[in-house]
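One structure is given here, and the rest of the page talks about it.
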Amino acid sequence: GMFQVEFVFPPTFPEAPPFVRFVTPMFHPQISPQGVPFIRQLVVWHCCEARELTLHALLSALVRLLSADPSPEPATHLNPEAAQLHFSQSDEEKKEYKRRVKRCVQ
C-alpha cells in the first residue's frame, strides 16, 4: 500500500528530532491512533548518536516498522487496541486485527 507520512523539522534540528506521523489512518500496535509511530531512534534522539540519522534512515525505520512483525515489547505499543488484537490468543481477535489492517491499505 501507499501511505502518506508527515515530517516536521523543528528550527533546532538536528539537536531536536523531527516530528513524524502517518497522515494515512493506520492500525498497528506501534503506531498511535493519531498516526505517531514508535521509532526507537526518535525516542533516544537526545542521548546518543541518533541525531546523526538521515532522512533515509528514518524512512528505512518506517519501512521496517511496516514490513516486520510488530514487537511484542509493551513499551513500544502506542495503540493498545491494535496490540491486544494482534497478540491475542483468540483466532477471532486475530482475524479482527487483520480485517482492520486491510481497511487501512485499501
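Every residue gets a Cβ built from N, Cα and C, even glycine.
According to TrEMBL, the protein has these features:
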| type | residues | note |
| --- | --- | --- |
| DOMAIN | 1-106 | domain 'UBC core' |
| REGION | 71-94 | region 'Disordered' |
What are the DSSP helix/strand/coil residue counts across the domain 'UBC core' (1-106)? 49 helix, 11 strand, 46 coil
Can you tell me the mean pLDDT for the domain 'UBC core' (1-106)? 89
